[in-house]
Structures are given as C-alpha cells and as structure tokens.
Amino acid sequence: MVNYPHNLIRQKVSSVQKQTKQNKVDFANRGMSFEAAINATNDYYLSRQIAVIHKKPTPVQIVKVDYPKRSRAKIVEAYFRQASTTDYCGVYKGHYVDFEAKETRQKTAMPMKNFHLHQIEHMTCVLHQKGICFVLLHFSTLKETYYLPAQALISFYQIDNGSKSMPIDYIRKNGFKVAFGAFPQVPYLNIIEQNFLGGDYN
C-alpha cells in the first residue's frame, strides 16, 4: 500500500493525539518540567493542526563511543559543535515563530546569565525578518509563566550586556502572563493571537 502525503499526515496527527491523551498532566501542580509542558503543548497544537512548532536539536559532535555490549553503544565523550540559538521554532498561520524557554526558582527576578550574546543576536535577526520572537519565563516557586516579547528582552540585555537579573516587575510590565491550562498546558499561542496578529504589537 502506498502512503501518500495526506495519509502520512493523518497517521502523524493520530499518533500525536494518542500521546497527548497519555500526557494529561497539569505541570504547575504535578511537578512536570517546564520543557515537558511546552513539548506537550506543541504536541497538542500539532495534533489539531493549529501550528507546527518543534524543539530544535542540539548540534553535538561525538568523539568517543564505548560498546559495553554488542547491542548497546555508550557515548563517553562529545562536545557541542556550535552555540545553540533558541529552543523552539516553527510556523503558525503563515508566521515564523521562534522562542526560548527559561525557568527559575527565584521569586523576584530571572537570572540573565542564562541568556547569551549569540541568542540575543539571533533574536534580533528574527525580528528584522518580521518573525514572531519571544521568551517564555517560568517562575516555578510562584507557579507563574510569562510571555516576554524579544524586543523587551533585548532592550534589557543592552543596558549592561546581561550582567544583572531581570526583575519580575519588569517582566510583568512588558510581558503577558500565560494562564495555565489542561489542554494545552502552556497556551502561548493565545498571547500571539490576541496581541501580535492584529493587536497592539502588529
């Protein structure tokens, strides 16, 4: 039997829908990692053909591999081939979407040491090409998540090249609080739809 493209799409969507049903977890209350919650959210969007957003693979160069068993290989030495840019990218309603996700246990600020110059430069390039670029910032102790537009992150970074932590008051003033949900867990596309597609940031 020949699998034509539309059949392959249906198979993929069906597979993702099953995965999504198996991952019915409220990460804010059940200890699910922030990254896992975002991945589950992206699976939800994909399964319903709302958006196609994927986590970028990290480019790694394998240097040494051991074979403790013939059927199993163990990587014992590797290094990053190049600096990574942002965590996620994809397409939503014809718009390129690119974002980074960060998490902290602090209650009053997000450490800027987690952001690097090459990431800031990458976000600047995405904005120059009219892409939708932002960061999702999760305060695990407060159980609060914010969508901060890349413009606001870049402006704060440029003050002192990212040497100071970003106060949560700055994030609340310049960003958008993401309401936790069950399906999807981190509905960041709601922010884009309401504020960037025909909204104040358009």
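Cβ from N, Cα, C; glycine included.
All chains included, 17 other C-beta atoms sit within 10 angstroms of the C-beta of Thr85 (Mg(2+) binding site). The Mg(2+) binding site feature in Swiss-Prot is assigned to Thr85, Asp87, Glu100, Gln119; the stated evidence is sequence analysis.
Per Swiss-Prot, the feature site 'Transition state stabilizer' maps to Lys102; the stated evidence is sequence analysis. Counting only same-chain residues six or more apart in sequence, the Cβ atoms lying under 8 angstroms from the Cβ of Lys102 (site 'Transition state stabilizer') belong to Met110, Asn114, Phe115, Val135, Leu136, Leu137, His138.
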Which of Asp87, Glu100, all binding-site residues, has a Cβ with the fewest other Cβ atoms inside 10 Å: Asp87
Neighbour tally for Gln119 (Mg(2+) binding site), based on other Cβ positions within 10 Å of its Cβ: 21
